[in-house]
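Here's the structure, in structure tokens; my notes come after.
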Amino acid sequence: MPLLFHPAWPLLLGATLTFRALRRVLCRLPQPAHVQTDPLRTWRWHNLLVSFTHSIVSGIWALLCLWQTPEMLVEIETAWSASGYLLVCFSAGYFIHDTVDIVVSKQTRASWEYLVHHVMAMGAFFSGIFWKRFVGGGVLTLLVEVSNIFLTLRMMMKINNAQDLLLYKVNKYINLVMYFLFRLAPQAYLTKFFLQYAGQRTLGTFLLAILLMLDLMIIIYFSRLLRSDFCPERAPRRQQKDKFLTE
């Protein structure tokens, strides 16, 4: 079947439009007073609300997929389920939406790291969507969204200058645990699996290259998280206006 007429396109379009509609709904919700005074913070707040929703849905969905189809933990290339396939399409739609939102809102320069991440994620997910291979790998990758629930909550509190809240202080320790369990551990497991494709000229080799770049980004983000929350005196000083965009 020609790629142009692949039945996954309506799923991707539907997922993308769903997140677009969700953003419109979330924009109508009351905002913290501190956020309302700054257009950039307002945009970022709405962006994070959508991200927070995606993380909750896809994180729980990924756990359910692995519970329903545990062979995805071992047969990463060949294991497949309708639920896992729809999850990958759902998350790809989010990344498409967020990429468009960043570009249209002229936040490309401030959010270029997110764009790089989204492009790599979409490149990896499309292998599962259009060729129905490595769907299990896509589901395992989306375990990271469980960690993102707490990371996004952290960023939302920082935007609102709420670092002194007890919730923020408790959340930073939860973040460490979740980062290890749902970000570092799955990433290490996937990297070990995909190393078998090193030196080949296959789809697995392409995904290995993406995975290694994501590994580097994850390590960099982890070091920033540690500096910002546990060694603030060592964290690089930035203008307060755009600090929340990258930390």
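Just so you know, glycine gets a Cβ as well, placed from its N, Cα and C.
Taking the topological domains listed in Swiss-Prot, S83 lies on the same side of the membrane as Y197.
Across all of the topological domain 'Extracellular' (28-46), the predicted model scores a mean pLDDT of 92. Under DSSP, the residues of the topological domain 'Cytoplasmic' (195-201) split into helix, strand and coil as follows: 3 helix, 0 strand, 4 coil. A Cβ distance under 8 Å defines the sequence-distant neighbours of the topological domain 'Extracellular' (145-173), meaning residues of its chain 6+ beyond its ends; these are 32, 34-35, 41, 44-45, 48-49, 51-52, 54-56, 58-60, 62-63, 91, 179, 181-183, 225, 229-230, 243-244, 247.
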